[in-house]
Every structure is written in structure tokens, then in C-alpha cells.
């Protein structure tokens, strides 16, 4: 497998020295930044994540700053979700769509004040979309990428580790809520969130210089908790049904196809709403489904077509063997004609045809 | 060095099977797509490029389609360059800036018709900026990423190889002009352009299915020309003064700082023009400069500060040893106070301080 060639354009993060010292074995690039993909092995990393606690460099979850008198107006144009219901300490998962209802990104919005938001984005320069709107309409709002690098602490012992570094206040943070808690001479927004279902937090580290001191504090306090460096895990996130924008869904998909209809409740005429009216009424023609795959599979590095009677009825873009569930777990986008549970569909992999079976629900 | 983990989000290209068969050793990710960085070694690849002919998978130079009745209107909003002078078969290097004159991208615009352009973009989702403007203003123009994957043929024997596949018409294509020439049952836009100064072409391959047939045709016809797979070369491009957006220049830099003032001649009020008025009149406070670096240097994987009397006076983001010129060649952004030729400046690398010396001009 080819190595990755680093340069200034593919940015390192404030935590890269820690990641390298912990023996990272693979990277991907996400928002022009390095994102670790494996430390020991994807299987061993998953097993550890489910039992202990891991520290993840997810700096690549870049923030889009939306700040100024017109910030809420812009958010209401962008958001299919009703922004008036958002509380002051809340995080909102917000699928953002184009004029045709096609997904542009699926950020987590963090409300810092009525006129101040961060959008913690998936892979894609969503700030360019927001900036284009702002300049065209002459809105009074700043759009930029602030010096904020999220660090995730995930796993069943995350509360214990975080309490040692930030105090017991972290235990009271509710899911998708945040508190601002002190660290050294500063403070960080800390949310109960993260891209696993093992529980944990995301620390929005403002100021790159605080990166390694925080990393070191977490490791120093976590030795007896068996803390390790980790990263979004390719097995655990499929088991958990966590979708990867760019892989499982793209601009050609609507939020309804992605099973995100509960996040499309804005009463306002947001960008794309009219185009989504039919799917809101009648449901989408295809949708995300959990699948199992029979037999042996290789790594899923591009989309595998799902076929029925010589016709494509969907595709799988994420698949891995799950040691916990002893089956190949997968995420697919499946046509309505074949999305019912227990439907068996031919899956075309580069290693040959495999049978895929639609599941009732994800594994957790 | 860590390996790169492939997935559907980090897209393969129509030429990936060819690239892999030719033994690619390193990749970077550019516009959510794999871009090869080295085959034999960066030094050997450079030497071969200067003597023979190479085929480069630069599919990652994605196209932003700008098409419709308002296409020219949008182009005039985006372009600091006078679009009215652009000929029907012409390619235009166009720095695109934000409201502060900061570089958003430096694409090559290709005029397919008065109402139809491609922007062949550097790393960044510029289509999101264009789409935001289009939706906000209700312009009648389509913005999308078409199925176009550029393949570059570079090197002193490029004309000979291309003539064998496309006929002698390719020899008549002038620099930054294009012709549409037939291949099998289709035709491609072929421009005399490319990210080296060894001469050559870029073939805009419309339709992924034509990728490997074209790749194979070039290799079959080029055996006696010693054709090889190559890629943008980290040594040759520095010697040639070809700037990498994201490394040598970023949103914090203006086109004047990048030495691109000759591309800022639009008489219209394009986005950012007002902010650039002062630099248009008085010149920029810092600018791109070629530098040599004394002593041994390691790989430049992030920006190295240029220091004078304890104060930062610029940085270097691209540097490599040049076997041809027997010196370390580099590209820096240098403050006016220190940009005169022969100025010696302290350069802080992670391997220690090195002396950098400002050069009069790039090496070719």
C-alpha cells in the first residue's frame, strides 16, 4: 500500500506529535488535514475502544465560524432543522443541502451565542458555500475557519478520565450539550458527543499551543485506565450506523435518503426545502440500510453495486468484518424495491459476487 | 511513514489501475481524490521528466462546470482577469479571491462557449463558493462537478507521443490554447498546458470509461520514447516556480503577494477588487520569492519560518534538493524588508537553523 506524502497543504494538527509518538500506522486526509485511521489494527483498536478509553485527534473536524448580526439569518437559510428551538448550550446535527435537496455536508452546529455558531463539518469546504451566500447578499456575518482543533475522548471510561482533567462537572454534561470548562489559563467548549457509540466527549481546543499539553494531561491521567490513542474506527462506526459523508452519502443524496428526516423540521423556506417536499410527503426512493454480507470480503475502498436481475438497486460503500458480532457488517443505500429486512441482494465486489442481506436495524 | 487508507470518500480515478500497475509509491489527497506523488524516486522521476515523456494522472484537477445564460456574468464576478478578452479556444489562469482579496483558489479557466466554462481547480471546493453566489442571487447557471478527469502528458517528447495518438494536429496547439480532437468514438479537449515547464499537454477526459483505453494507448505508442507514469514533481516544480495553492499561498495571501498581478486586469468590480486597490497601487507587503538553502535539509512538510533579528519575516513552504542545479531550491513568502536578491535570512527547520538566500529568479 502506498504511503502518504506530507506537505503544508495536507496539514498536520496540534496533536500530530502525540499521534506519531503513539505509533499511528495509517492516515486519511479530511478537510485538508491528516486524520489517523489505525494504530494497532482496526480490529484491536475497536476492541480496546469498547472496553477502555481512547483519545482521538479529530482536528480535521474543522469549524466554520458563523458570527455577526446576520448569523442566525444565515443559519436559518442553511438549516433544514428548526433553529429557533436550539438552546444556548446545545449541539445540533444539521444536514445542509443544495437547491435540489442534495447533501452538501452534515455538520454538528454548536451555538455559542445567538449571533455566534460553529459548524463542525464533515469532509468538504462548506465555508465556501456560506461565504458565497454572505458576499452575494451582503450579510453582516463573518465566515472563517477559527483556530479550533477538536480532540475526542471516547469509550466507557471517558467520563472517568475527563473528570480527572476537567473535574466532575464533565459528568453532568448531557448528550449533545456542552459546558465551557477551564484548562490551564484558558477554557474549552466540551460537548458530550463523538463519532462512536461508546460514549464520550469532544473537546474543542481553541489555540493550537494547548494541543500537546492537553494530550499529555489526558495520557498522564489515564495510565491506569489503559488510555490509548485511537481514531474513528471503521468497524465500530458501521456497527453503530454512523454515516460517513462522502462515502455512505453524497451530494446526489437527500437527508431523507440518509434517514435524517427527523432533522428536517424547519418551518422556514431554507435552501432546498421546496425540492424536498415530495420526499417529505411520500418518502425517498432509496434509503440507508444496514446489511450483512456473506462469505469473505476484502477492504471496501470504493462503492460496490447491489444488483437484482441485472439491474442496480443500490450500493454499499462501507463494510468490514465485525469480530464482536461475527459477521460482515455494512452500510448501503438501497432502492425501495429491495430495502425490506431480510431481502437478499447480489453484491458486486472486486473479489467476486457476495450475498448481502438487509437488516432490521444497526447493531447498536 | 504511515500508509494511506483508501475509502470511497478519498476517490480513486479512472487511471488508478494504470497508476498502480506502474508501481506508484506515494500518494497525496487533492480535491477528495488520490494524486500520485512518486514512482521511482522524486529525483529519478524529475530526471526522467526532463529527458523523456511522462503520463500523469491529474484527475484531481476537478472541473467546476459554470454553464447557462448567466455563466459569463458569474465569471466576471469571480475573475480578477478581464474575461472579455478571452478567446473561444483559450485557457486562462485565474486567481479567485474573497472580499478581502484573499486567494480562494487559482484555477485554469477553460472557455468552451460564451455560456460554458470549466474551472480546473487547485485543492479546494471552489464550486461551493460559486454555488452559494448562484443560489443567493438566483442566477441562471448550473454549477456542478462534471465527469472530467484530466490526464497530463509532460516532457520534451510529449508532442511526439501525443501526435501518435491524436495526430499531428496536436503540434499546432499553442500554449494555453486547446483543440477538441477525436479518440475512439468520442473527442477530448486537449490543451497545451500542465504543471511542469518541460512542455506538454493536458487531456480533459470526459467519461471515466475512456480513462484506461487512453492510458493504454499512450503507453502502447510510447515504448520507444521511454514513456513512464509520472506525477507533478516536487523538485521540477520548485525549480520552475510553479506555486502550490495551500502550500505556497493560502487565503491569507493576495494575488499580488503571489506575483500574479498580471492576472488582475479586469475593469469590472469583481469580488475583492476594492480590497486589492492599495496593493495594486503600492505593491504588496510580502511576496513569493525563489530562495536557495545552504547545508542539508530534510523534507519540508510544513512551513519553516524565516527570521531576522528575532522577528518573523516570511516562511518557506516548499523546498527540495535539486540534483540539476546542485543546490537546495525553495519557494518562500518574504516580507518586503527582506525580499531583495542576495538577502540572507535565517530559516528555522525542524532539523535546525539554515541560511536561506533570496534569488533573482526561479531556475527556469
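The backbone N, Cα and C atoms fix where each Cβ goes, glycine too.
Remember, TrEMBL labels are computer predictions, not curated facts.
Listed in TrEMBL for this protein:
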- A:202: substrate binding site (BINDING)
- A:21-265: domain 'GCVT N-terminal' (DOMAIN)
- A:286-358: domain 'Aminomethyltransferase C-terminal' (DOMAIN)
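Residue counts for the domain 'Aminomethyltransferase C-terminal' (A:286-358) under DSSP (helix as H, G, I; strand as E, B; rest coil) come to 3 helix, 47 strand, 23 coil.
Every protein chain considered, the tally of other Cβ atoms within 10 Å of the Cβ of residue A:202 (substrate binding site) stands at 26. In the predicted model, the domain 'GCVT N-terminal' (A:21-265) shows an average pLDDT of 98.
The secondary structure of residue A:202 (substrate binding site), as reduced to three states from DSSP, is extended strand.
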